[in-house]
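Engineer: One structure, as structure tokens, below. Some questions next.
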Amino acid sequence: MKNIRNFCIIAHIDHGKSTLADRLLEFTHTISDRDMQAQVLDDMDLEREKGITIKSHAIQITYPFKGETYTLNLIDTPGHVDFSYEVSRALAACEGALLLVDASQGIQAQTISNLYLAIDNNLEIIPVINKIDMDGAMIEEVKDQIVELIGCKPETILLASAKSGIGIEGILAAIIERIPAPSGNVDAPLQALIFDSVFNSFRGIIIYYRIMNGSLKKGDKIQFASTRTDYFADEVGVLKLTMTAKDEVKTGDVGYIITGIKNAKEVKVGDTITLANNPAEMIKGFEEVKPMVFAGIFPVETDAFEELRDCMDKLQLNDASLTFELETSQALGFGFRCGFLGMLHMEIIQERLEREFNQTVITTVPNVSFIAHTSKGDTITVNNPTEMPDPTKLESIEEPFIKAQIVTHADYIGNIMTLCLGKRGIIINQSYLTSTRVELTFELPLTEIVFDFYDKLKSSTRGYASFDYHPIGYRESDIVKMDILLNSEKVDALSALIHRGRAQDFGRKLCEKLKELLPRQQFQIVIQAAIGAKIVARENISAMRKDVTAKCYGGDISRKRKLLEKQKEGKKRMKQIGNVEVPQEAFLAVLKLD
Ligand code: GDP
Ligand code: MG
């Protein structure tokens, strides 16, 4: 145990976490040159493409140092706020963290929010300034920022370039010399903290854990503390580049277990694995992960519903955080109301449905989860605008709030204030990291973030602001349901829940946007926004006069074919509502309002 070090790398996105992990693995020959490919730890296609780490993974590094051999377990953490609970559990499995800061960017919002999580988990922090090879590197300034933020001595800050391999040896030495070895009692009953799980179509669910106390042998009968259900340890082992089976894993180790579980729902991040015949208490910090954002997913072809259901079932087997239930929409037919951890998670699910399962789907306006209290005294969770009780039967509504950290240049404080106050935000704190860099803390309604907050923040600060947040619970709020009517017909899939003070403006902008997005047809289309019976906005799309293909007559044939193909493509995601054709973009128009 004294030669084990469990650590993670925390950083703002793009500050070089994956690149540094690659260098550490390469330098320690954990991966042979032959197997080396950029960003080895990001192994899902989508992770590579989006350049983000979605799932956390772990890898064991063996490293000789001053005459002894050390086992270093690198636990990779997800880099997106949607997965912040997984980040917190991955951190809880470590004793130390490399805090990586880009020398050209300095401290950003995620640097701070991850640092706070690491401090909450009592981790030893090793600050590292990365990208010192860059022309724009501001090493001294970033040093000052770090000293100011964590109160360390400047000489404890390491300098590195993950790209060119500078400083890697020093980082490894610091991991061994500064991060404490795991503590815990090998003879105590087993307590292993689950920080991740993955689905393997051959082996079922593979659970990743860190053993806090006790030991785990192949063949042991294990128990999950949250549900007190039992399984057999068919295989246990450690995570080298591939899984390496062992007879026994012990206190301090990071490892995997295979139990024959096929459904991801049975395994919960943050839960404790213990032994059925000698159970221990649950490790503190366990939470059931709850979906934060809800949206409808419908097949474009109504008869593809059964097939879609099949795909959703399969997806859920390997993504426990996805929830769904049947939804019927007058406009879109049968589909599913799905719950996601956040907007990125929603995007990932939609892309996986299309890529891995070959489904063509329509996604409706996302909304957060509201709590409605009726005058009769019932409490209803509203995950869908159609579930909102009639206003006359409502006592009150609550909506979820978040605490947001924004890091920016002092020049942009005014713009950010305007933006956040306009989004019903409350400023909680303002503190200077240096004379020109400021950290602002706001409380904001989550629903305002879901829509277009991030893009607005970027444009009002010319990109010089970073942002991170976490949920802080529900608060009472004045929310109304906004309906959209196309030629007097209400389109349930376009309804949205919105704060009363913003409803008028929202309705007007939504009508304008729909006017842009709906194709002209042979007849006039009237678009209306209504709160209850009251129409708050209206737009007209006049009837089309000319045939669209007319301009091609006499033109060259290939151009005409291209146009027809393009129209066919467009058709794929059109939905006929009453007599109006509505394209997919229109269902997400809310996200694109300025
Ligand atoms: P992550 O989001 O923290 O995992 O960041 P990545 O490791 O994906 O790196 C983001 C970008 O920064 C990539 O284009 C890397 O090639 C680049 N990068 C990472 N480390 C360095 C470095 O030390 N120097 C320079 N110049 N670029 C780097
Ligand atoms: Mg990465």
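These residue numbers are counts, starting from 1, taken along the chain as shown.
Including glycine, each Cβ sits where the backbone N, Cα and C put it.
Unlike curated entries, TrEMBL annotations are predicted automatically.
Quick caveat, the model's predicted, so the values are computed rather than measured.
In case it helps, TrEMBL gives these features for our protein:
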type: DOMAIN; residues: 2-183; note: domain 'Tr-type G'
type: BINDING; residues: D14, H15, G16, K17, S18, T19, N130, K131, I132, D133; note: GTP binding site
Engineer: What mean pLDDT score does the domain 'Tr-type G' (2-183) have in the model?
Structural biologist: 89
Engineer: When DSSP states are folded down to helix, strand and coil, where does N130 (GTP binding site) land?
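Structural biologist: Where N130 (GTP binding site) sits, the three-state DSSP reduction gives strand.
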Engineer: Using a 10 Å cut-off, grab the number of neighbouring Cβ atoms around the Cβ of G16 (GTP binding site), all chains included.
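Structural biologist: G16 (GTP binding site) is surrounded by 23 other Cβ atoms within 10 Å.
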Engineer: Scan S18, N130, I132 for binding-site residues whose C-beta lands under 6 Å from an atom of ligand 2 and note them, or write none.
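Structural biologist: Cβ < 6 Å from ligand 2, in sequence order: S18.
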Engineer: Using DSSP and three states only, what is S18 (GTP binding site)?
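Structural biologist: Going by the DSSP assignment, S18 (GTP binding site) falls within a helical segment, counted as helix.
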Engineer: Validating a neighbour-count step here. Other CB atoms within 10 A of the CB of N130 (GTP binding site): how many?
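Structural biologist: Looking across every protein chain shown, the total is 31.
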Engineer: Taking the Cβ of I132 (GTP binding site) as the reference point, list residues of the same chain whose Cβ is under 8 angstroms away and which are at least six residues distant in sequence.
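Structural biologist: Looking at Cβ-Cβ distances below 8 Å from I132 (GTP binding site), excluding near sequence neighbours, one finds A103, I139, L159, A160, S161, I166, G167.
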Engineer: State which of the following binding-site residues has the fewest other Cβ atoms within 10 Å around its Cβ: D14, S18.
Structural biologist: D14
Engineer: If you measure every Cα to Cα distance among D14, H15, G16, K17, S18, T19, N130, K131, I132, D133, the residues said to bind GTP, what is the biggest one in Å?
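Structural biologist: The span, Cα to Cα at its widest, is 17 Å.
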